[in-house]
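What Swiss-Prot records for this protein:
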- Cys79: active site, nucleophile (ACT_SITE)
- His163: active site, charge relay system (ACT_SITE)
- Glu165: active site, charge relay system (ACT_SITE)
- Gly48, Glu49, Ser50, Arg101, Ile127, Arg128: L-glutamine binding site (BINDING)
Amino acid sequence: MTQKVGVLAIQGGYQKHADMFKSLGVEVKLVKFNNDFDSIDRLVIPGGESTTLLNLLNKHQIFDKLYNFCSSKPVFGTCAGSIILSKGEGYLNLLDLEVQRNAYGRQVDSFVADISFNDKNITGVFIRAPKFIVVGNQVDILSKYQNSPVLLRQANILVSSFHPELTQDPTVHEYFLAM
């Protein structure tokens with residue numbers, strides 16, 4: 001069976017995720033409307049600005065459809081996408097996780113760091129990245145940076161505080177496809 005990955009495309013860095021999956025030979029659908037969810041098997045919620053993303057989800061009336069999809073299908077949230085999936089007022093509240101927005105600094109404080117994932121070193125690109133501060137016991141920590149979790153999984157949901165789509169390394173995207 002061929003998988004079709006949806007990439008939420010209403011705000012943020014969705015095109016880089018789409019390009020990464022296409023480079024892996026995966027069919028990609030840019031998700032902008034409620035009916036777009038019906039033709040995908042899994043979804044990426046990209047980075048961007050979480051408050052703007054929430055406003056647009058509500059403006060375009062896709063918040064409920066997004067919630068229903070993410071409750072049962074594989075989903076991958078990067079940076080702002082991880083914030084939207086976590087606990088918080090107005091968020092999807094699907095992860096036993098609390099985040100601190102912009103915890104690694106402002107845009108000017110962006111950095112690149114090597115992190116270990118699945119016995120391999122990968123590059124983490126941190127841009128106004130959130131910090132995962134309260135991680136529930138249902139959440140698996142897959143990778144850390146300076147003792148702080150940066151890549152997590154809870155059941156069907158994968159989240160990263162960094163941007164794996166901004167590298168040439170498909171390791172995290174391949175992991176998501178195998179979930």
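Glycine residues also receive a Cβ, built from the backbone N, Cα and C atoms like all the rest.
Note that the structure is a prediction, hence the values are computed from the model and not measured.
Across the structure, Glu165 (active site, charge relay system) and Ser50 (L-glutamine binding site) place their CA atoms 18 angstrom apart.
Ranking the recorded positions Glu49, Ser50, Cys79, Arg101, Arg128 by Cα distance from His163 (active site, charge relay system) puts Cys79 first. Around the Cβ of Arg101 (L-glutamine binding site), the same chain contributes Ser50, Ile83, Pro130, each under 8 angstroms and 6 or more positions distant in sequence.
Glu49 (L-glutamine binding site) sits 9 Å from Cys79 (active site, nucleophile), taking the C-alpha atoms as the reference points.
Note: the CA-CA distance between Gly48 (L-glutamine binding site) and the residue listed as 'active site, nucleophile' rounds to 7 Å. When secondary structure is read from DSSP and collapsed to three states, Glu165 (active site, charge relay system) falls in the helix class. In this structure, the recorded positions under consideration are Ser50, Ile127, His163, and the one with the smallest number of other Cβ atoms within 10 Å of its Cβ is Ile127.
DSSP classifies Arg128 (L-glutamine binding site) as coil under the three-state reduction. DSSP gives Glu49 (L-glutamine binding site) a coil state; it is part of no helix or strand.
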